[in-house]
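The structure appears below as structure tokens.
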Amino acid sequence: MSFIMKLHRHFQRTVILLATFCMVSIVISAYYLYNGYKQENELPEIASEVECGDLQLLPYKLMEMKAMKPIDHLRTDLVVLVFVESQYSALGQDIITILESSRFQYHIEIAPGKGDLPVLIDKNKGKYALIVYENILKYVNMDSWNRGLLDKYCVEYGVGVIGFHKGSENSLQSFQLKGFPFLVHSNLGIKDCCINPHSPLLHVTKSSKLDKGPLLGNDWAVFQINHTTYQPVIFAKVKTPENLPPPTTKSILHATVIHDLGLHDGIQRVLFGNNLNFWLHKLIFIDAISFLSGRKLRLSLDRYLLVDIDDIFVGKEGTRMNANDVQALLDTQNLLRAQITNFTFNLGFSGKFYHTGTEEEDEGDDLLLRSVDEFWWFPHMWSHMQPHLFHNESSLVEQMILNKKFALEHGIPIDMGYAVAPHHSGVYPVHVQLYDAWKKVWNIRVTSTEEYPHLKPARYRRGFIHKNIMVLPRQTCGLFTHTIFYKEYPGGPKELDKSIQGGELFFTVVLNPISIFMTHLSNYGNDRLGLYTFVNLANFVHTWTNLKLQTLPPVQLAHKYFELFPEQKDPLWQNPCDDKRHRDIWSKEKTCDRLPKFLVVGPQKTGTTALYLFLIMHPSIISNSPSPKTFEEVQFFNRNNYHRGIDWYMDFFPTPSNVTTDFLFEKSANYFHSEEAPRRAASLIPKAKIITILIDPSDRAYSWYQHQRSHEDPAALKFSFYQVITAGPRAPSELRALQKRCLAPGWYATHIERWLTYFPPYQLLIIDGQQLRTDPSTVMDEVQKFLGVSPHYNYSEALTFDSHKGFWCQLLEEGKTKCLGKSKGRKYPPMDSECRAFLSSYYRDHNVELSKLLHKLGQPLPSWLRQELQKVR
Ligand code: A3P
């Protein structure tokens with residue numbers, strides 16, 4: 001018994017001992033876990049401020065990238081959420097500029113004082129792939145509830161955070177960032193900064209040696225880190241104040257950018273101790289976006305560069321190249337090939353100006369022509385005339401032939417397929433004569449311009465394809481015809497160097513996969529600033545980035561461009577007179593007044609032709625002339641006619657005798673449900689008013705079906721209306737097509753919403769088609785008021801009900817009437833109740849949406865809609 005008791009006691013002791021041991025080990029583990037394995041990882045003593053050269057010697061742990069949970073970015077949309085301080089804050093705008101230049105989608109929120117986050121999740125999918133705070137203090141000082149929500153979102157969706165802390169020029173401040181185990185010293189001057197070559201962020205950025213010395217400003221913040229979960233990305237030494245108070249001088253790295261690996265809470269962050277004024281911060285910011293978005297918002301490393309030298313023979317004496325300059329051009333081209341694969345200068349010529357310099361300069365011309373095969377060549381106009389000044393295509397052709405003859409005489413290749421017009425004239429805005437002449441004489445396939453859609457801002461420049469000519473955006477490099485001498489560079493020579501070394505020109509190359517630069521003959525004579533610029537640019541890019549530079553011949557380059565940006569193929573025309581630069585290169589013979597002031601957009605079968613007839617009765621309202629071929633609607637904005645260009649469109653309209661009082665308009669009833677029409681119309685005629693007519697969508701569908709029957713559409717003849725509207729997904733294609741034309745235009749709310757994303761509500765008039773049919777003069781009064789047209793036209797006297805036709809018609813002299821033709825107001829049996837019931841239910845949700853929309857717009861509901869809504873209840 002006593003043995004059993006002993007055994008029992010012994011057992012009890014063992015259990016207690018074991019439990020105590022377990023407790024102790026849990027406490028110890030927790031301690032080390034919390035302290036990040038401090039003992040094990042403790043950094044050996046290193047110099048108080050790390051020298052760039054010492055980076056290789058840094059302790060292993062610093063360089064090791066801890067394995068984080070892989071980020072699943074398919075669970076979020078590829079949109080960056082940016083919290084800015086205000087709409088106009090400078091850093092906020094710099095952040096947006098980089099996102100826009102990189103063509104990344106973003107959403108801006110003004111950072112709230114306390115909390116209140118925007119909605120972060122939509123149908124189980126994260127709305128944002130990355131979060132950027134212009135002011136990191138707004139993030140760390142957020143109230144705990146919202147911070148908790150944001151952190152939870154970041155952890156669950158693998159979303160990282162980028163934040164900036166910019167000091168002021170005031171005295172030194174040291175503080176701990178709430179919730180982070182490191183100190184921030186702010187309001188400092190710094191010097192001797194360098195990149196941590198082991199940072200996993202680096203992608204575009206290559207770690208290189210920065211010149212020693214102070215950086216601009218005393219408003220820097222440095223992060224004092226001594227923990228392996230925070231990796232420095234850019235180190236710096238503190239310049240002012242000379243000595244930071246202890247203990248900051250021991251075992252400390254000062255960093256202006258740190259990468260929080262997220263080992264504490266599962267959220268990776270990159271924090272910047274200043275704004276983006278420092279070019280290296282900008283480069284690291286680009287890499288941080290890429291890294292924290294799991295490489296989804298990432299710039300490729302391939303960069304294509306084409307340097308055009310325009311006007312190779314055009315230049316005043318004294319500004320042109322002599323033979324030495326040409327030799328330097330050849331030598332530099334070879335030199336550049338070491339850093340830019342296949343680099344070749346692309347020379348544009350106007351043959352008329354050959355041999356118009358001094359004797360030495362003429363020798364330069366000769367050496368150029370002896371070296372024809374070393375370069376690529378493209379034609380300019382023979383006499384450097386602006387193409388928009390030629391109204392006749394034939395005179396343009398003549399000029400081009402002269403230049404082509406010159407090329408043939410001098411062995412200049414004529415098959416590069418690329419041309420550039422003086423001053424962008426004729427390229428954009430499109431002077432169609434130029435495109436046609438280029439095709440005829442030179443078989444041009446590619447050109448480039450800075451003008452599409454506008455010169456500024458440069459990051460919005462795009463390409464497009466018109467008449468099979470690929471128009472590429474062109475970038476500026478800071479060299480113009482008058483930039484000839486280094487010392488006389490506008491703003492001083494430092495400005496050019498700044499632009500090359502981390503400034504505008506450098507970031508043009510970083511942010512654009514394809515850059516076409518235009519330079520001029522004068523940039524290669526005298527101080528040869530062209531050569532200086534591109535050699536230094538290539539060096540700088542090579543030193544600081546991993547970008548691979550290369551040059552492609554223009555046609556290949558253009559194919560590459562539209563491979564990268566296929567969505568840019570379709571142009572978006574604008575009014576040439578809305579931009580002064582465009583107006584200056586718009587033919588005087590073409591006005592901008594031949595554009596409509598309003599559009600009747602449909603949908604079909606709602607009474608659009610009746611409205612058209614009534615409108616043109618008004619003395620100040622003028623319609624387009626019908627299409628000479630089809631006598632039908634123009635249908636410019638919805639279909640391929642759009643690609644014929646605005647000259648084609650404007651030819652349908654007369655030149656108004658009085659621009660203010662005359663109202664040109666166009667009716668194309670297909671515009672209403674077109675995906676493209678609202679965007680295109682808003683781009684060309686943004687101030688135009690838009691008129692739409694709605695009837696019960698079920699009646700509209702039935703009217704369309706009857707319309708197709710009378711046009712002997714085989715599907716409409718073969719299938720009953722019921723069969724058409726109820727056809728399933730496996731039905732024959734012609735039946736499905738007819739079904740779509742019957743039903744889709746009736747999704748009124750969806751289509752109107754689309755128009756309202758491009759036009760403000762006060763530019764949109766929604767007419768009740770039933771009222772137009774029964775009481776047209778009241779509707780026409782409303783239309784006149786909406787348009788602001790004068791004089792007021794009395795429709796109650798001008799219209800009469802024609803009992804024979806069964807509709808309102810125009811009253812002519814001697815009581816005669818002018819009604820619409822047979823195809824409008826047809827006689828057909830009423831829709832059967834089965835079809836009506838089906839359609840009523842089919843359109844239920846659409847009609848509910850429409851009623852909400854009309855309510856929002858403050859518009860009364862038409863009677864048919866009220867009736868339909870009653871059925872819902
Ligand atoms: P139905 O022929 O089916 O009756 P649209 O011109 O947009 O194609 O619309 C044709 C419809 O306009 C006709 O459809 C007709 O009902 C309607 N309508 C309204 N007012 C009219 C009018 N004064 N004369 C003829 N049709 C008119």
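Using the three backbone atoms N, Cα and C, a Cβ is placed for every residue, glycine included.
Nobody curates TrEMBL annotations by hand; they come from automatic prediction.
Features reported for this protein in TrEMBL:
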- LYS605: active site, for sulfotransferase activity (ACT_SITE)
- CYS809-CYS819: disulfide bond (DISULFID)
- 76-292: domain 'Heparan sulfate-N-deacetylase N-terminal' (DOMAIN)
- 15-34: transmembrane segment (TRANSMEM)
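LYS605 (active site, for sulfotransferase activity) sits 16 Å from CYS819 (disulfide bond), counting Cα to Cα.
By the criterion of other Cβ atoms within 10 Å of the residue's own Cβ, the least surrounded of the recorded positions LYS605, CYS809, CYS819 is CYS819. Per-residue pLDDT, averaged along the domain 'Heparan sulfate-N-deacetylase N-terminal' (76-292), amounts to 89 for this model. According to DSSP, CYS819 (disulfide bond) sits in a coil region rather than a helix or strand.
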